[in-house]
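These features come from TrEMBL:
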type     : residues                                              : note
DOMAIN   : 8-95                                                  : domain '2Fe-2S ferredoxin-type'
BINDING  : 47, 52, 55, 77                                        : [2Fe-2S] cluster 1 binding site
BINDING  : 117, 120, 152, 154                                    : [2Fe-2S] cluster 2 binding site
DOMAIN   : 239-424                                               : domain 'FAD-binding PCMH-type'
BINDING  : 267, 268, 269, 270, 271, 272, 273, 274, 370, 414, 432 : FAD binding site
BINDING  : 774, 805, 919, 1086                                   : Mo-molybdopterin binding site
BINDING  : 921                                                   : substrate binding site
ACT_SITE : 1251                                                  : active site, proton acceptor
């Protein structure tokens, strides 16, 4: 292979140190370069698309236009290193270290308990750090904006924001600094409160102890780069890679010459559009032109009639430029600028806005563009330039549709965009609706502009443009033309909606789906625009124009972006407890500071070992097919490819008979693993999988949905059933409702994807496995059976896991076993790291559920009989589906005592990837049926849902449906406490008052109780062991069978050991979880890890202390070190194994009775929301959570678990939606398509006490249901009790039926193939 031509030197700085890269490859991203070349692993890989913020770093550049240094956050996964010439990069390692000095941002996020698994923390730190480099005392709005592009799956965001708030300008609305009492710390004084107020603490950290922020201590911009920037080299820089050449000209003239020479070469600035496309579509451009050094493309010109913005300006710069214009010019001139600003605040995250350029956004012509519809109606003009000269192109539909007559010529580039001022009697508005408020692609976006004849309401000019409803931005020219001359009134509105629906047509099969919702938004947005213009006319002349009804005014208001505030209460420790005893105190996570500095080592942060190979998996593209042939020849010929691992290479067992590790002869779903490529680098392995040719023959049947599985009698296991009372007899005497509930699945979206490193040792077939798992013993056993070697030769190591939530219980064993086969076959270490897309495709998630219920009740709301039948979509193999079905059935009754019950459950076998364990394990899906049933009964009886809940709740010591006795006393206390602390009854009245006064906005409030059973339904799964060593210097090493997933189990274990040994935690250390130190462990799952492992640690410490007793008695005044030295001299063992035999748990399904759970935890949550009936959007106003945590080992960690699980549950029920194609391909395979909650989704007021379950997130779902019911009642719509979760904007908007939903065209589903199919 010929060597590429010599490249120029790439010069940039990282953390103050000069980097000269002499062979820069344009395809290498900054993230890869940092992690692999510079070994700076604090910057994490989590999605690879710039959508999660885990790889955030700060870039500093000298701005030639302003002559100032710009600091901006970027996502390193999208930035090609070649774009960094002359830039300074700062990573999390560069701002502070636990070994030198911590930066205040790092210290505060850790001490504020803003880290759990810690995988997202370096990105959070760098977003905040960059904010502080630009604004020493930021506003809260700036803080929210800075963190809007960073995702976290663990914390629920509140503590992260709390740490950032300590830097903000002091808020004027909180009295705590002045009076010592927070204005939010309200609530009643009911004597039934869980504890006296004097026993309750609200402080989790002491702000006064934080080190101050000193801006003089920050890294300076390297003087060498400053000199380079002030005397820029004008010569063209060229960087040759293996497949791509990057050319960076120094002058505009050179750029134009290059564009003429290479007309097909794209210009690349932020790489936010080109990068993801190249990754997902495998597109390679042989030449890339970088105009980053051309200052002419960043110029801004202000004239009397408009604004010209350079195409090279970033969207963040555009936002600042527009904000300045809005502040300087009269309002009538800035209508278009205000509309653009509105969308720039929610477009993507801050990092993407910092990278993406205005020119790139326009030229990309994305159909979902937020800005192009506004630029079109604002009559923007594109200034294009080539060697031939300059010319202007109107930015209109023809250009955006890519018509050759209206487009740039191949040799032209976009120099700038001219946006004219608006004028008096001109009104411009922008609208968008997405799955969530921030950092989400719009379902529909719109720009709307009208000019009225002066001092009249007659339409002189009208322009309407939509994104998201076609292949490009679409204008409604015909409709607008027909409306010219019409007065701006109600008849015009009716006619406009009719015309728009005819012109802006969307076929039923349109990509992206949600067709009827999008059609509705087209006219709903126009109605909002109609009202906005009326309102503005009223301001201009209050006498001449009609009033808008007060009840309609709320339609004009967008939901504000606000940061969560609230009070976290927890029970303080006994006043007599020793100050040295850490149990019950809010101790910082042991790894918190290391998370914040990037020094916490995760699996893929382990340095490469000698001769290490990379593995990439090859998966099925068919849902159910016979494998005819696999051709590996082309792949094996590629450079760097060492081997391809197939089922034939497995020396032992290839999984189970119906659940193969590697497919043999047949595939059962898209995403099933067929083989694996091992190569010298990950890039070579990924290129090789594209060359593997697999031929298939389709098999029948192909089943995706639960309904299809029921029709084909396709089930994974026998039906599970529980029954009590006489259900049939009870139904004869009562009113009845029969309804359906559909609950969608959920992706775990742990921030750290599945990854494993397998290192074969030189002798005895030994293997060291470093793996991100909740169950290392299961990985060990699976590898043992796969390789046919004894378990004792395999050691699994787990230092920490970047989130699990059940998704790393079973799945890591599959990846560990396949990697181990590769390691044995090649004799070399193997590293397997899944891309986010592959992780989401392969691993499955929460089981989607379809449930049917029949409920019998009296008109006073007393439920006499309930019959529920559930079906879950298990996917193609059994996995955990049988246990999920059992748990679902066991937990269906939730908090209610109903005398006559029948619960039945089946797990359906479909041709989808197998679904698996997920936090809550069936409870969050199943109990939604029960609570939906309660809501339906309330509606039928004309009563409030909370009245029905209270009436049917367990009241006295009783037995469950499976005959396990329990006392509901704590459940009732939690319920009453939640009613009291949330001021529920007074707020219910306020909600009703609001709803009477507002037609287009509705509020809802709901309170939900919870009885959650803890643990596994088997005694053997509750055992635990620990090993505690005391060394001769007095230091203590603790190991136990639990795994650190972010839930703070290691921190809690040291708290237990500290109490038992009466020794400060500083004497103690936990290294890792290893199968060599504590064997035969149980998965860290089922909310019981700290409980059982804590008992094992306690047992080991008590054994050691008992051995030391004679020595302590003999020398009571001695130090710990004296006692340990004496014990060693007297040959007393300083090592002990602790053991806990576990709780008894059993269930006899034949009899339908047992004691399957060790104990229950109880709680309640109240949530209030506001919905926009025109768009389906909602705002979470307030949530109060009360949870009985018994005796919390660490309230800071437990409150973090409360909030994190609540927000994850809220995501399940509101925004997280899995979309499958009719061929069974998962569409939603990254943060762009799959929306977990962001920082702006957290309730505005968030109050909590104790440890919560995920199901309490359903209080938001039922509050939305309550608001929708209010809208339906006002519109005289018969309420539909078919419940569908998640309550996405689509579901909410279409449920709030009105004249706009009535007027849209509806398609016959039989006449087209839908874009996606519902699998629940």
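All residue numbers here begin at 1 and follow the chain in the order shown.
Quick reminder: no glycine exception, Cβ is built from N, Cα and C everywhere.
Predicted, not measured: the structure shown is a model, and the values here were computed from it.
For residue 921 (substrate binding site), the binding-site residues whose C-alpha atoms fall inside a 10 Å radius of its own C-alpha are 1086, out of 77, 117, 1086. Of all the binding-site residues listed (152, 267), 152 sits in the most crowded Cβ setting, with the most other Cβ atoms within 10 Å. Geometry remark: residue 805 (Mo-molybdopterin binding site) versus residue 271 (FAD binding site), CA distance 33 Å. According to DSSP, the secondary structure content of the domain '2Fe-2S ferredoxin-type' (8-95) in residues is 16 helix, 31 strand, 41 coil. Report note: the Mo-molybdopterin site is defined by 774, 805, 919, 1086, and the residues of the same chain whose CB lies within 8 Å of the CB centroid of those residues, excluding them, are 804, 806, 807, 809, 917, 918, 921, 1045, 1084, 1085. The full span of the recorded Mo-molybdopterin binding residues, 774, 805, 919, 1086, taken as their largest Cα to Cα distance, is 12 Å. Of the candidate binding-site residues, 152, 154, 269, the one lying closest to residue 919 (Mo-molybdopterin binding site) when CA atoms are compared is 154. Spanning the listed FAD site, residues 267, 268, 269, 270, 271, 272, 273, 274, 370, 414, 432 have a farthest Cα to Cα distance of 28 Å. Distance between Cα atoms for residue 77 ([2Fe-2S] cluster 1 binding site) and residue 267 (FAD binding site): 19 Å, as a whole number. With the fewest other C-beta atoms within 10 Å around its C-beta, 273 stands out among the binding-site residues 271, 273, 774. Residue 269 (FAD binding site) and residue 117 ([2Fe-2S] cluster 2 binding site) are 34 Å apart (CA-CA, integer value). Taking the C-alpha atom of residue 370 (FAD binding site) as reference, the shortest distance to any of the binding-site residues 47, 52, 55, 120 belongs to 52. The C-beta environment of residue 432 (FAD binding site), restricted to residues of the same chain at least 6 apart in sequence and closer than 8 Å, consists of 343, 346, 370, 442, 444, 445, 446. One way to see the shell of the [2Fe-2S] cluster 2 site is to take the Cβ centroid of 117, 120, 152, 154; the remaining same-chain residues with a Cβ within 8 Å of it are 115, 116, 118, 119, 121, 153, 155, 751, 802, 803, 1046, 1204.
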